[in-house]
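Novice: According to Swiss-Prot, the record shows the following:
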| type | residues | note |
| --- | --- | --- |
| REGION | 1-26 | region 'Disordered' |
| COMPBIAS | 1-13 | compositional bias 'Low complexity' |
| ACT_SITE | Ser147 | active site, nucleophile |
| ACT_SITE | Asp268 | active site, charge relay system |
| ACT_SITE | His298 | active site, charge relay system |
Amino acid sequence: MPSEAESSANSAPATPPPPPNFWGTMPEEEYYTSQGVRNSKSYFETPNGKLFTQSFLPLDGEIKGTVYMSHGYGSDTSWMFQKICMSFSSWGYAVFAADLLGHGRSDGIRCYMGDMEKVAATSLAFFKHVRCSDPYKDLPAFLFGESMGGLVTLLMYFQSEPETWTGLMFSAPLFVIPEDMKPSKAHLFAYGLLFGLADTWAAMPDNKMVGKAIKDPEKLKIIASNPQRYTGKPRVGTMRELLRKTQYVQENFGKVTIPVFTAHGTADGVTCPTSSKLLYEKASSADKTLKIYEGMYHSLIQGEPDENAEIVLKDMREWIDEKVKKYGSKTA
């Protein structure tokens with residue numbers, strides 16, 4: 001005979017499944033239309049695996065330029081990250097985004113990035129395919145990276161011919177790992193003794209980054225409900241590679257010669273504002289902009305209260321619109 005506790009559990013209503021999208025149950029096409037954009041989804045084949053990709057095009061008006069966006073660690077392009085894509089598209093830009101290898105609906109071991117040059121090259125293959133296509137080849141083109149996607153974006157820039165891109169945009173990029181987020185050298189050394197066998201192990205300490213990234217509690221709930229979000233421990237090879245590649249980009253900031261915009265919040269608990277400050281100080285670009293937002297957390301657009309996110313978006317819009325006017329298209 002079932003106990004009282006078991007009977008209560010059996011009679012309790014089932015937890016409803018999460019909505020199919022961050023905005024709820026409104027059909028996708030209807031929602032995107034309400035935001036003034038047209039969305040399409042597809043897969044892009046590369047030698048390193050298949051990438052899930054999305055485009056966000058303005059419903060009306062002439063396209064000013066193209067923006068190629070990369071998301072952060074454990075995230076993907078199909079949840080709240082779309083808010084960034086849709087914002088730029090509503091300003092008149094054709095936006096293209098891809099789930100990084102090992103993320104979302106792209107191929108690869110979940111959140112394993114033992115070779116970030118390969119991760120960057122794979123997304124770059126898709127971005128350059130679009131960038132060089134007839135509708136877009138003569139338009140201004142910008143790379144955009146958020147958080148760890150900023151690191152991947154900078155690696156893509158280093159892998160590209162100088163004239164490929166009009167400008168770079170970063171939101172809380174990961175170029176410097178905060179001391180309290182750095183992996184233990186003892187752990188990395190111990191796992192290194194296994195000759196690479198431990199590289200894909202999800203065995204590194206987890207600092208629960210999402211709670212340090214999102215200020216707005218309601219948005220935190222929405223982001224935490226993302227079915228594609230990686231929630232396991234960091235993988236050994238990923239953390240080792242992040243240490244290597246953050247050091248690499250710090251040593252090569254001077255190779256950045258095109259216009260750059262970078263932004264950080266002073267209360268960022270995931271990446272530190274030093275990342276943006278160092279890029280701004282060391283980049284060789286004659287045209288560079290640094291924005292530091294007092295009291296804002298890591299996720300400047302997806303996770304801040306709306307009034308804060310609007311401040312950031314306004315600054316980004318003014319910057320990119322000004323660059324398009326200043327540098328124009330290749331045929332201008």
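Placement of Cβ uses the backbone N, Cα and C atoms for every residue, glycine included.
Context for these features, please: burial, neighbours, distances.
Specialist: Cβ environment of Ser147 (active site, nucleophile): His71, Gly72, Tyr73, Ser75, Ser171, Ala172, Pro173, Leu174, Ala213, Val270, Thr271, His298, Ser299 lie under 8 Å away, each six or more residues apart in the same chain.
Summarising the environment of Asp268 (active site, charge relay system), the number of other Cβ atoms within 10 Å of its Cβ, over all protein chains shown, is 24.
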